[in-house]
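Taking it in order: structure first as structure tokens, then the write-up.
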Amino acid sequence: MAKNYRAELTGVFGDPVDDNPTGVVEEAAFSAKGLNYRYLTIRVLPEDLEDAMKSVRIFGMKGINLTMPHKVKVLPYLDELSEAAKIIGAVNTVINKNGRLYGENTDGKGFVAALKASGTELSGKKITILGAGGAARAIAAECALNGASDIVIINRNKERGQELAQLICHKTKCAGSYLEWKSQVQIPRGTEILINATSAGFSPNIKDKPDIDYSSITENICVCDVVFNPAETVFLTKAAKQGAKIVNGLGMLVRQAALNFTLWTGEEAPLAIMEEALKKEFQ
Ligand code: NDP
């Protein structure tokens, strides 16, 4: 049989993108599975996105991740969207299905997978989300699609927070509401899952934490953080002191990468190897 020297291509388009660690994780998985795939970290300027998306077809790439500032702007260049991507209005993963580009959003799916792996189910749960940016939107939509009954959005910017609460109400079966973020805001009674989906605490600002009343966190709340660098944030440490169960942001990141791996290769992802590769990056 003739040898095949041609690698299958995947990667990420973003600007800035140099510090995006996903390539390390995907390459570790390709190598572990003996797949001749590559993950390219490519800086694409906003004005070049249309041409870059054409190149996905021209190069026959298996797919691509999109990060800042392309997650919303990419929509006109796609042929089809997943249910979650339609609700969120943003895409972080594209799969090239024989020239048709399918947009998915695995941010929220990665979060849900990490939560379930920690032993917490979503069905019928009351959730409070801090933040209303891209990560919060993806998580809220996926939690609603997975059967959460109520989602309260707490966000500093009122318009953005209200818009997300309305999105949940109008586009899913879950109830959504907005709570104004006052200093030392109380976590609503009855909250079963609390998620920090803000960037507060992300390196280098590792001493920052969301301005909430930490004494309102009770031991029966599962408390999650999207911040993955550092993995043990001040937010999680303070929640753990209240006796809460905690879930850090690394699980979401690695499970999202694992989902992308499967969408592009059709193979089960080597999760333990991907986790190991990610941990090494943040040592
Ligand atoms: P966006 O810029 O879209 O949104 C940021 C959000 O954080 C806004 O709601 C903003 O509030 C809020 N915010 C920022 N700083 C503070 C603060 N000090 N106090 C209260 N609210 C604050 O960012 P993303 O949603 O894309 O990303 C958010 C975080 O999630 C980042 O740290 C990112 O690295 C992380 N992330 C993690 C992933 C993972 O796999 N673990 C995946 C994706 C993202 P306002 O609207 O009021 O300005």
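The backbone N, Cα and C atoms fix where each Cβ goes, glycine too.
TrEMBL lists 12-94 with the feature domain 'Shikimate dehydrogenase substrate binding N-terminal'. The active site, proton acceptor annotation in TrEMBL covers Lys71. What TrEMBL lists as NADP(+) binding site is Glu83, Gly131, Ala132, Gly133, Gly134, Ala135, Val226, Gly249. Residues or ranges marked as domain 'Quinate/shikimate 5-dehydrogenase/glutamyl-tRNA reductase' in TrEMBL: 120-200. Look at TrEMBL and you will find 249-279 tagged as domain 'SDH C-terminal'.
A Cβ distance below 6 Å to any atom of ligand 1 is met, among the recorded positions Lys71, Glu83, Gly134, by Gly134. Considering only the binding-site residues Glu83, Gly131, Gly134, Gly249, the residues lying within 10 A of Lys71 (active site, proton acceptor) on a C-alpha to C-alpha basis are Gly134. DSSP assigns Val226 (NADP(+) binding site) to coil in the three-state reduction, outside any helix or strand. Across the residues the record lists as binding NADP(+) (Glu83, Gly131, Ala132, Gly133, Gly134, Ala135, Val226, Gly249), the two Cα atoms farthest apart are 24 Å from each other. Around Gly131 (NADP(+) binding site), the same-chain residues at least 6 positions away in sequence with a Cβ under 8 Å from its Cβ are Ile154, Asn155, Asn196, Ala197, Thr198, Ser199. Residues belonging to the domain 'Quinate/shikimate 5-dehydrogenase/glutamyl-tRNA reductase' (120-200) score a mean pLDDT of 96 in the model. Summarised by DSSP class, the composition of the domain 'SDH C-terminal' (249-279) is 26 helix, 0 strand, 5 coil. A 10 Å cutoff on Cβ-Cβ distances gives Gly133 (NADP(+) binding site) a total of 15 other Cβ atoms nearby, all chains included.
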